[in-house]
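As annotated by Swiss-Prot, UDP-alpha-D-glucose binding site applies to 279, 338-340, 355-363, 377-380, with the evidence given as similarity to another entry.
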């Protein structure tokens, strides 16, 4: 790691692909502004330190068993991580603060701690050392504000939703519709632990020194303007992180299949549908086959990411009908993981069938690639509503996954005039968002304000 005798920032990501990527992107941005970077991380889903030689990486124990790391119950994983990591995190931070001639940190004052909002113990730990703590919001900010209202919405008895009200807007959570609530709020069995967790996040965020948002005013103007209804701390919308003028590097937990790019090179401009449902979502076998048949029936070229184990009860794609790949006549390619930024930036990519995670949504907007929305959980339903109904840069697939609906959406986007209209709108949005990170843009100015704020070094309390 390059020697820097300056201000040090401690970053602590949640060990999920959708959280690690933004945190490492933020690290590169802050490094470019003169800060030394130390990443504290768990053993579970540890980032590859060799991909980031300019940063210091410190691993702490997380106490997860092998079966717990494989669990599909994300709330359970987050609860266990918060229970298990508080003491190891405190011990690691204490070692960084306490001067040590052999640690190499004695001449680097710690400016602050930055961690994901899902860590609910870090505020109290930071306060015990007199360290400022900033919360990273890696969601669209309107969702971040709105999801704290989930317990209230539940208490008000929105569920079950009568059929006559299914398409009504949720007043507290626009542009979400009432029919989205049952999927975003979980089952009744999950309600108590989920509501308790959300309240802990809110309680741990309110006293923080600020919130760093992976969005920009161009995408989150209304919610940013209303943030003072919930928070009295500064908000710094400095996204999208990945298009800031900093060197690119890999932060994927999965190895991307680089053969995607030469395959795309052989395709015509804007002729390929890229399909990926992210790093967490999974499908039952029936839905997987409906997507497969729908894509085949379009007669359009497609590049499809199917993570190993993401189809319930299957290792990979062995449930495809016999002769499926041969029937595509070379128009389809299925990989275990893809270099998504490179794929979306490729001239051959004309559409993105996506789960609408916020990382993927931002990446698609920034490359001007229109979307077909197939949200699976949580914030993805909010993102899909903005894409299809507010910005109108995509098509929302609602209801059950059916091959005819997949086929119809792909044809509309890739062949019909509707797709050209959508493409024109996303190009305008792309240009607005990209301008935000340039000098004088809204995110650039917010980054200047953030750097000024965390440059004020408060002397930490040295543990005895």
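Any Cβ shown, glycine's included, is placed from N, Cα and C.
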Indicate whether residue 363 (UDP-alpha-D-glucose binding site) is helix, strand or coil by DSSP.
helix
Across all the protein chains here, work out how many other Cβ atoms are within 10 Å of the Cβ of residue 279 (UDP-alpha-D-glucose binding site).
22
Coarse DSSP state, helix versus strand versus coil, of residue 340 (UDP-alpha-D-glucose binding site):
helix
Tertiary neighbours of residue 379 (UDP-alpha-D-glucose binding site) (same chain, Cβ under 8 Å, six or more apart):
139, 140, 143, 147, 357, 358
